[in-house]
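Remarks on the structure that follows.
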Amino acid sequence: MQAQHRPGLMHDQWPVVAAVAVGGAGGACARYGATLLWPQTPGHFPWTTFWVNITGCAVIGVFMVVITEVWAAHRLVRPFFGTGVLGGYTTFSTYAVEIRRLTDAHEAVTAFGYAAGTLAAALAAVWSAAWATRRALAWRAR
């Protein structure tokens, strides 16, 4: 069975693709700027990537509460900011490469601490940011 060609399907997606691309470029530039401001020393704990990923998770926690519980956002806001900006800003690939580099440099304890610490801190950041946003919104509504 052959899938039917729907001519309008991709046409409708171009604004979303453009929003993700523009947002991703901005987020990636912000991450690159962070690496220039706070360069990392090879073989040491990669603090810059750690904090970029943690702050990105905190921002997504706030963002998701705002756009799902408070504000009916335009259909391009989530792809632009969530997928684009924050997807370009945070980095799983660099995180994985840095774990590998630490392991290759015989820094297994640092590599494990970085791997586990990033995971724990990222989950804590998104959860606590979402919780704090809900609390702040409830306080503001009083």
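We number each residue from 1, going along the chain as drawn.
Backbone N, Cα and C define each Cβ position, glycine as well.
Taken verbatim from TrEMBL:
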type	residues	note
BINDING	GLY87, THR90	Na(+) binding site
TRANSMEM	16-38	transmembrane segment
TRANSMEM	50-72	transmembrane segment
TRANSMEM	79-97	transmembrane segment
TRANSMEM	109-132	transmembrane segment
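Against the transmembrane segment (16-38), the recorded stretches 50-72, 79-97, 109-132 differ in Cβ pairs under 8 Å, and the greatest number is found for 79-97. Long-range contacts of the transmembrane segment (50-72) within the same chain: residues 31, 34, 38, 78, 81-82, 86, 89-91, 95, 114, 117-118, 121-123, 125-130, 132-134, 137, each at least 6 residues beyond the stretch ends and with a Cβ under 8 Å from a Cβ of the stretch. Sequence-distant neighbours of THR90 (Na(+) binding site): residues of the same chain at least 6 apart with a C-beta under 8 Å from its C-beta are GLY27, ARG31, VAL52, ASN53, GLY56, CYS57.
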